[in-house]
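Asks: Quick paste from Swiss-Prot:
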type: BINDING; residues: ASP10, GLU12, ASP161; note: divalent metal cation 1 binding site
type: BINDING; residues: ASP10; note: divalent metal cation 2 binding site
type: BINDING; residues: ASP10, GLU12, GLU55, HIS60, ASP161; note: substrate binding site
type: ACT_SITE; residues: HIS156; note: active site, proton acceptor
Amino acid sequence: MSSLREIILDTETTGLDPRQGHRIVEIGAIEMVNKVLTGRNFHFYINPERDMPFEAYRIHGISGEFLKDKPLFHTIADDFLEFISDSKLIIHNAPFDIKFLNHELSLLKRTDIKLLELANTIDTLVMARSIFPGSKYNLDALCKRFKVDNSGRQLHGALKDAALLAEVYVELMGGRQSAFKMVDKSAVINNLATNQVNNKTEQTTIVIKPTKEELQKHKEFLSRILKTAY
């Protein structure tokens, strides 16, 4: 049986439209194999080489001053592309993130880099609209519907929102009991502290039904992401 690798991905930006000069300021991506979080992630804050509009700052709390010493996109592009590889991307409102990522990639002017394809994404916003017509579909509303603890989400954040989306996605696919197995999350937590990408480490997936203890460990893991993502 072949493994299904998926990447839960989110970005934060300086605004709504890259055609108006807006840029990505944070990328958070979490690896899932056969609906199991492996503990591997990619997370970087990025210097957008421009100011931070107050409207965007109010949403994610990332200031221009904070981003001054952060890497430029071109310095992390290869690591990012290696991490996502050709895996399916799970994104909430995928067209938004894909247009920004492709804008950043196009600015590199490299013939060896292909732009990302929207066809290679699963849009959880579209899924939610199909399953729950007439309801609210933002991440907070879906967390509330599925009883996912998002109490630490006062502001948006790419990595912590990707972690929440991972839970929501599993619920949209049928729920924890049918798909969500637990693994050790220490690698993710360590990466949060060091802002490093760990895309070389192989980890063993434990294929079992989640016990109450494992589900509690997952809640604790999610809580730590929400508290330490900034």
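Residue numbering: from 1, along the chain as shown.
Note that Cβ sites are derived from N, Cα and C of the backbone, with glycine treated the same way.
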Asks: Using a 10 Å cut-off, grab the number of neighbouring Cβ atoms around the Cβ of HIS60 (substrate binding site), all chains included.
Replies: 19
Asks: Report the member of GLU12, GLU55 (the binding-site residues) whose C-beta atom has the most other C-beta atoms within 10 angstroms.
Replies: GLU12
Asks: How big is the Cα-to-Cα gap, in Å, between HIS60 (substrate binding site) and HIS156 (active site, proton acceptor)?
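Replies: That separation, Cα to Cα, works out to 5 Å.
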Asks: What does the structure give for the C-alpha distance between GLU55 (substrate binding site) and ASP161 (divalent metal cation 1 binding site)? Integer Å is fine.
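Replies: GLU55 (substrate binding site) and ASP161 (divalent metal cation 1 binding site) have their Cα atoms 19 Å apart.
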